[in-house]
């Protein structure tokens, strides 16, 4: 009995090597705040790496500044400054003392003696090969010494953006910057933003990379004070953490906002992207004035670029609209029912959706079935009834939404922006009418230029969505694919590989169908947009073809005139010598006509000399050239004088009573 019990008794485990399995912890339901979600998935909002974070921060601040100025019909003045902050300065900003390395081998950029010897031997071999090539007369590239492997050292920048816009209400500033998914741009209208995050995502990145707060200075029109706020964000709670929030005296009565934030970034890798963004923004908003500055610790690396305003014609402010029935889903219908102030189903259909009148609403309700009536309470609709409404919306016929709510750049502004920044030899623009996809109105504007300043050979595609430049993932975009594959450039007398071609396409809509997590390109799968883009580019090409054909004809005409003029001296000498010889042997020839005899007599007495024939032949060439040019102009119906691009500023900025008559080429302003 005892032996059996001892055999069945558990063995005592050895000390320190317990084999008792750990019990799994009970799963706890957790949730993330919106700020925490975007902090964990910052690449969604364009914060992939330090360089991209610096670019996206600049983009968000500039676009917010433009929106703010345009909302009060103020010509935008935007100043953006990126200031490089060295490690020592950054440490002093956060109250951290500089630290000298003690254990060099601990760091990633440590180079062992063996690695250093190997690197120096490689450099010596390269120098030896270059010396031999130089002795043989071969071209030698400048030698760049290989640096020791360097660890990832953070670079910090203070980004400051100042505008002359609306400003922000004093009490709203903390939530506008410190609470994700709260803002003023969530209605259905054309907006520049992609996610509605604005500077909030930059603040989250600042919190993650430097821990420093953001500083906001703001003042609204007619305010006698300036609001100053220094805050950061509690990412886990999605609430602002306010350091300072106070009112200060506004002696100069300025209005607008100045936002200052310190982040980790990389100017070196994203310098070209940031400058391209600013240049393209100047193209699509020629009515704005931009000042861009990069201030380095080394003054020779400083960059200061001013993009001057060239017009004061601003696009209209985009209007908020109601939803089109074909563009809603079940969740949106439920939300509209919850938020509506209307009592009956008839009133709900009439007032919460666009293009549904009273008679149309009655017909729709009658089609829904016997369980529906015009006077039934909209709040009493069951989930099944809401599904039925959604099904009918998907199947029924509705008028297209109006494009009047959209705010395109305008053909005049697009043309002026292209001329201002690229200085092309030729440019053509086209603005299409409003069209519809999936219940959302959209418009496509296009410009095509040939030649220009700082333009590479071949196709240079510039893409804009709701008047902001798109610089990434260009190959998959509908504009790029259309320009590369669907346009036969040769048929428009344009050489796709040799000419410097600029293709500018701007798409505006209440819903831009972005693709990809970063929303960096517009997909090629929406036939309505693809067709509109192709048509717009073709219309520009047709205009250019007419100009190119005229230019080719003028060049041929000039070449023909040059060839004829080249032979005038030889023809003059031959004719004059022939006449002199004829005059010398005139007695042996048969009698000539009176005209010939008179000409020979003038030659004999030197009344007609060689220069006389030369002058007459030159006049004849001019006459023939003019007659051929006139005949061509008559056949083509063209009478175009050479033009020069000019920029006309407004006569009086204080004078507000005027009417603008716009065309693609000019704007005529009539003051009254």
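Using the three backbone atoms N, Cα and C, a Cβ is placed for every residue, glycine included.
According to TrEMBL, the features are:
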BINDING   64, 163, 184, 185, 193, 194, 195, 196, 197, 198, 199, 200, 519  ATP binding site
DOMAIN    401-560  domain 'DNA topoisomerase VI subunit B transducer'
REGION    1-34  region 'Disordered'
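Over the domain 'DNA topoisomerase VI subunit B transducer' (401-560) the predicted model carries a mean pLDDT of 89. When the binding-site residues 197, 199 are compared by the number of other C-beta atoms lying within 10 angstroms of their own C-beta, 199 comes out lowest. Within 10 Å of the C-beta of residue 64 (ATP binding site) there are 21 other C-beta atoms, taking all protein chains into account.
In the shown protein chains, 20 other C-beta atoms lie within 10 A of the C-beta of residue 519 (ATP binding site).
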